[in-house]
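*Asks:* Below you will find the structure I want to go over with you.
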């Protein structure tokens, strides 16, 4: 019987090709089911990967202090204290944090600007950050080739992508000079850290940046907590310390962005403290409105990355169940469509069945023929759905700048399930066909 | 040794409380190379006879030997193999598959041959069978592009592609005009004369039955007469006059 499978596949394709429109309409259920599920899996997996990447990235449990404050709708906010505009955050603050707060492994002052980086004839518009040597430890950088820059001097560490852009792909730029706003830096190392966008940046010593720009303040301070779960305590202590140092009254209400600062009697904070967990959640994946809502959840800054990963796992479990239900429903509907059309086909082709039986087909041959036809129908539908799903998810991913990825097992599973649907819903029509009495079948008009 | 040997074949259908005796004890031998016409009005039992002869149905009682093999008690799959190898069917309605070429139609019995036959051999044998019926040049034509007579000849090619011992033709001219009917009958006569294939023809038209070498008349499930016949060679005057009205 199995020797007849290739012949039957050929016969099935012939017979399905004879009724193209009907075949296509029958497949539509499976096509839509498979492609919808695949698109959602692609977007879901991609988004999950991106968020997890952020949450689990090297240097978890970071606390960021940024100069300025961003208060949505706060009446008392002065323009000068807008995020990044304040000039009150200083190196002394960074040192005080390192000295007075326990459980900190690394503190790096930071400055940031967007400008043109040139090397010889090639130039690139990039973000240049002034950082301290601790910045590498805080982010768990793996510098290869080269080493981390020193506290001062004219050394620079370059992101891999920026190095590729300036010097050509894969080129080892250590020892080369780059020029940033009339200051020359010698590259001492390359960092390849895709998760934190460090890839496209140039890092120079913060002191060098301060002096080249003739400024005395910092844009941010990065603090690395010693262990998971310490980030929220540290951020609280940092807030208290900075308020004290900047002469700001005790926090009385929390009206601010990212739930990390309050406005006191002496005015609003001129800094923003945010934990990495909050930063990861508010980045990219969600709309600004959702980000705002999420970031303002009370106690978000107390969430550890471990808890965050847990929550994500649970969320993606929920998503998986949701996807599976949608897939299940659409495939059942598709399967019923296939069964329906196969039953119609059996009735229409009664004479053909009679003829085949008269010329020597056994009832198993007839059953096999119709079974293979329904499996072919669903499998081809599954394949079309697969391609459509991949294309759709690419288009959505591209237009929304959303990371997309489809695991190979998911594709195989989609096809396997499509074939299974054809098999299950094909059994009854195939059995009907094989049980037809050839005498009645030959007589039918 | 007869190709077909029927001994007291009875077929009883039960319709509710009624028993319908379709065949009331038919005994009959058909030798190899005979062209037997079975005639009878509708309801005479000739269709039932043809189904039993074609191994599409089993008799209620009696013994049917085909090529000396008792087929009255074989299983469904065994009967399928007998139909595949020993019997070729020609039907009134041609029963060609739509949107399929002549050659593909002729290949159908070969699809169910055991052991499985390769595509090349299937095609070669189909071509040979089409040449026998004079349609070698129409092999790739779609079945709907052929005339009625050509379609029936494709059906005859399909019946003989597996070199059966017996061709069963059930009202093969029922859907054809007089001229093509004669044409088709000549093809059947030709098969008997050239290839020695035994032919059993079932018809209700005496003029068509006259192409056989032996005419068996059936009525009410029993044989009424069984006579040798000098077959028509062509369009004999009285027959033609009768047929053309």
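Placement of Cβ uses the backbone N, Cα and C atoms for every residue, glycine included.
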*Asks:* For the transmembrane segment entry in TrEMBL, name the matching range from A:297-319, A:366-388.
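*Replies:* That would be A:366-388, the stretch labelled transmembrane segment in TrEMBL.
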*Asks:* Mean pLDDT across the domain 'MacB-like periplasmic core' (A:23-240), rounded to an integer, is what?
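*Replies:* On average, pLDDT over the domain 'MacB-like periplasmic core' (A:23-240) sits at 80.
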*Asks:* Using DSSP, tally how many residues of the domain 'ABC3 transporter permease C-terminal' (A:325-434) sit in helix, strand and coil.
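*Replies:* Helix, strand and coil residues of the domain 'ABC3 transporter permease C-terminal' (A:325-434) number 98 helix, 0 strand, 12 coil.
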